[in-house]
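In TrEMBL this protein carries:
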| type | residues | note |
| --- | --- | --- |
| DOMAIN | 26-158 | domain 'GGDEF' |
| DOMAIN | 481-705 | domain 'Histidine kinase' |
| DOMAIN | 728-849 | domain 'Response regulatory' |
| MOD_RES | Asp780 | 4-aspartylphosphate |
Amino acid sequence: MRRQAFQNKNKCEEILNETEPIPVNELVAMCVFDLNNLRTINNNLGHDKGDEYIRSFAIQLREAVPEEFFAGRDGGDEFIAVLKGLDHEGVRKCLQNIRNQAAEYSRQHPEMPISYAAGYALSSDFEGSTMRELFRLADKNMYIDKNRAKMEEAAEKQRMNIRLLEEITEKGFQFTDCIYCDALLDQYYVLRASSRFFLAEDGSYSGAVEQIVQELGTDENRKSMRKKLQISYLAEQIKDKGEKLELPYQYRKEDSICRGRMTALFVNNTEDGRLHHFILGFEPFQNKNENTADEKTRLNRYYEQLKQSIVENENYAEALLQTANAVYTVDLTNDKLENVYYHEAAFKIENDIQTPRSYSDYCNKRSRYVTEDTLENYRIVDSSFKLLKRFATGAKQVTVEYCEMMGKENKPVWLQKTVLMSRDMVYDANTDKESSVVHGIVLFKNTSDFHEKEQQEKARLQMAYEEADSENRAKTEFMNRMSHDIRTPINGIMGMVDIIRKNRDDWGKVDDSLDKIQLSTRHLLELVSDVLDMSKLEAGMFEIHEDVFDMNELMDEVAALVDAQLVESSITHCKHRSNIQHTALKGSSLQLRRIMVNLLSNAIKYNKPNGTIDTYAEELSCDGTTVWYEFKIVDTGIGMSEEFIKEQLFKPFTQEKNDARTLYRGTGLGMSIVKALLDKMGGSIEVESQLGEGSTFTFRLPFKVDENAIETKKEEQSSGEQKLEGKQILLVEDNEINMEIAEFYLKELGIVVDKAWNGKEAIDKFEESAPGTYDLILMDIMMPVMGGREAARRIRTMERPDAKTVRIYAMTAQVSSESVHKCLASGMNGHIAKPIDESKLREILTRCESVKKQKD
């Protein structure tokens, strides 16, 4: 039999217009087909593509329908087929063949897959119907297929969406909004959207690009953004799995700048390698520097994320159950514990629970294992009656936490118990009645690990608190000691001044009082210096200044410094030096001297009467540029406990015995300063001690070798000292006592002093003097009328030959690196720390004279 040609609308209408009812003895099936997506194709790809889509289905329909049966297009996107002599089974088989034919075509042509709905009506079911009436009945029947197809498509779409979102998360992206795009159809639909997303649920991708550019672009970048969002551009950039294209954006909204990033992710290609599907994700950035998010905004963000988590997780209930170690199901209305489930490898709250049983009785028996301090929490959910009462007030979930003592070891186990409640209508087949029942799902989670970590954290915080409290107590004790130590020398100074006033003619008493005043002031200065230095060391602001020195000379100086203390205490000092080959060194002689004096002073203070001190110095190694020295101080003193050495020795404000203050004086900062200085200088220290027998302090330090520097320095000093006499200095100071002291030291060196009492007066004197009059200017910083730094700046700008060359030194108690930097920036050459030390002043003056000589 020859296959019938595919018929047009006229032929279809001719068949449908037959007025005679279909004979009862004939079986006629009217099948109707309605194409999906034709409007979308016409709108986005044009009518030519729409016509191609129609022809494609017509061909597949004609090939799938047996050749003896009629098939035609009834206009638009509707088609009909008339099947004769087939019962329901035969009709359904034919329709399935058509669907298989279309599916195979779609697989081969993914750029334009065929989607349609079908329905049919059989004449034997509707006796006396005409063809037109049978058509209407088939058309109604088609909606069954349409609805089923929609549900299947929706389910498949949701499964695909969840899979896509999981892949996005696995790749580390956190899009607040994203769309799924079809590059071939120029279509998109929203995969995820926050409440503020600006795109419609679905639509044309090209149209969406225009809205994206409008919303997120600026006049300067819209052209570039539009180009990069075009399908043709994306097809060149993302060609394979794992490829992405990131597009940052920035725009102004009201008074703030909004920033974010769009990311295009490849999904798949067609069989011939063209881009088919991709995802475009949006990540708006929160401005880290602006704390504008109020509580409502934060709650909205949390809600959006929670909503997405629930909507996107098809296994949400399963995921919830996976977080529990055990699950109980309870009929709360009838107080019945129905089932108990334990996850594999999870601990069991109780073995062999017999179900069904009373939930309230079960909870009552378990209560004997609950600890007393958590029993009140447990009792919130220990009966059906209590839970039903909460459910009646609107509660759907109740969570408590408590602790049970479990196992033979009576080990504490923390449990979080969550009861989820819902009302169900239950049909009882025995009574043939319906009833309302409140069911509960009880989730148990072992939270012992959390509580163990919490206890550890509490213990850590308690330890930290105790340490902080101990340090605070030590500081308080230190302040009490400092109060005593500061008042003692001040009282001594005031007393000695009174003695001098009353015994001016007794030069013996005057000299003795002056010696004691000098001793008291030095002690007071040491106390203040220790506190300030420790503060700087703790804050990381202490700076180590290097100079050149001779190691043998320095050790001799240190020995001389403590010699009086040794004689006074009747202590024998034995010096041992070995392998001392490199003595001309570069490093911090000041801090090395300080470390040595501190350790030696401790060895003297805490020694026994007629005791001994052995000091050792040894050169350990030298690589030509760096030499390592080891110093050791061994005493026969009172010693220290091992615990004190490990826990307290190098902490500030600590001493092993409080009553030691009655024998020895100190701030409790000395060893802390020693340790901090050694750390800063790249050294180390070790301590060995036995109570009642003595202590050994060993420290090691590196120094740079500088063979020529010592001789150079000696030559500079000797030549400089010969020429200090007769030099003229402008001394600028607003404090009368400081002026008097500085003037005294300078005149003792044979220097001519010209005085000024503020910066303005200093400028006037310098300006009025002949060029070269002043060899040096010593300038205080903090002065009325004009400060020292401003005066230095103005002197440097004067139009005279010595304005740029005259040496200007600051005299200041502010010796921080910032203060020194400000002095240098103002045009000064250096600084002298207050209170002024005569030897340091002489050293700076000779250095200045040496520099001047070299320039001349």
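Placement of Cβ uses the backbone N, Cα and C atoms for every residue, glycine included.
Annotation for the residue listed as '4-aspartylphosphate': same-chain Cβ neighbours under 8 Å, separated by at least 6 residues, are Val732, Glu733, Asp734, Asn735, Asn738, Gly788, Ala810, Met811, Thr812. Under DSSP, the residue listed as '4-aspartylphosphate' is assigned to a strand (E or B) in the three-state scheme.
Residues of the domain 'Response regulatory' (728-849) grouped by DSSP class, helix first, strand second and coil last, total 53 helix, 25 strand, 44 coil. When DSSP labels each residue, the domain 'GGDEF' (26-158) comes out as 78 helix, 26 strand, 29 coil, counted as helix, strand and coil in that order.
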